[in-house]
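Trainee: Found this in TrEMBL, in case it helps:
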- P2: active site, schiff-base intermediate with DNA (ACT_SITE)
- 2-113: domain 'Formamidopyrimidine-DNA glycosylase catalytic' (DOMAIN)
- E3: active site, proton donor (ACT_SITE)
- K58: active site, proton donor (ACT_SITE)
- H91, R110: DNA binding site (BINDING)
- 236-270: domain 'FPG-type' (DOMAIN)
- R260: active site, proton donor (ACT_SITE)
Amino acid sequence: MPELPEVETTKRGIEPYLHNQSITKILVRQKSLRIPFNDNLKKHITHVKIKNIKRRAKYIVIDFANEYSMVIHLGMTGNLRASRQKKFLKHDHIIFYLESGNSLIFNDVRRFGLVQIYKTKGSFYLLDNNGPDPFEKKADVDYFYNRIKNSSASIKSILLNHKIISGIGNIYASEILFSTNISPLRMGRDISHTDCKKILQQSKIILNKAIKAGGTTLNDYFNAESKPGYFKIQLNVYGKEGEKCPSCESKISKITQSNRSTYFCKESQN
Ligand SMILES: [Zn+2]
């Protein structure tokens, strides 16, 4: 599933192709996505200059020079690529033709992603439901501490709760907790202000590493025939049940929390 680093890399990858461009035509080959694409709104973003492209949590948002925006979510299997090719791949659902002759293509095998056009001012409701991601100013230590200080949920579940903090994802949650020596089982109310600071710092460090690693695979990403590979960041605990912990002699444990796998070291993390 594309996580925040993959989405950020995608955004950085398509940005140069969209800079100062406008969409001349939108071809919809399959509109039945997680939320059906609304054909009636196409007219609002064609022949209008693209003003800005940004990422919020795991959403890519393209603002146009009128009062419209388009939000894209990659779901489980979605990807976006820029291409000059005229021939389509299987699962290329929506094609945005650009002035430059390039096109921006939304491909999604399982169709859990979405592409929605909306009035910028009204904003898109799924974006409003998301808490800030670790890179947003709003996600400071006081914010995070206040959101979790009375919580009896585990810190692992809290890191995956996008209403509190968005964009962390399951693999990175285990890695962040390992690097802060905090047990995934600890409850929100047992996490100190200092712990919150460490968690936010490590979140940024680890996600940034993944974004950097993604940058190196970008060329492959834009070979029209290929799919983005998972970023190869050095993982310390995730997927390493029974292996030796990188900071002590104990073995890494695997448990299930809220139906998701968690990997951690019982000795190093408490
Ligand atoms: Zn250990």
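Using the three backbone atoms N, Cα and C, a Cβ is placed for every residue, glycine included.
Annotations in TrEMBL come from automatic prediction, not curation.
Are these features on the surface or tucked inside, and what touches them?
Mentor: Its own atom aside, the Cβ of P2 (active site, schiff-base intermediate with DNA) has 22 Cβ atoms within 10 angstroms in the protein chains shown.
Within the domain 'Formamidopyrimidine-DNA glycosylase catalytic' (2-113), the DSSP-based counts of helix, strand and coil residues read 21 helix, 47 strand, 44 coil.
Note: K58 (active site, proton donor) has non-local neighbours P2, E3, L4, V7, H73, L74, S166, G167, i.e. same-chain residues 6+ apart with C-beta under 8 A of its own C-beta.
Sequence-distant neighbours of R110 (DNA binding site) (same chain, 6+ residues apart, CB-CB distance under 8 A): G75, M76, T77.
Long-range neighbours of the domain 'FPG-type' (236-270) within the same chain, counting only residues 6 or more positions beyond its ends whose Cβ lies under 8 Å from a Cβ of the stretch, are 154, 156-157, 160, 170-171, 173-175, 177-179, 181-186.
Using a 10 Å Cβ-Cβ cutoff, R260 (active site, proton donor) registers 14 neighbours.
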Trainee: What's the CA to CA span in angstrom from H91 (DNA binding site) over to R260 (active site, proton donor)?
Mentor: 28
Trainee: Would you list the DSSP helix, strand and coil counts for the residues of the domain 'FPG-type' (236-270)?
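Mentor: Tallying H, G and I as helix, E and B as strand, the rest coil: 0 helix, 12 strand, 23 coil.
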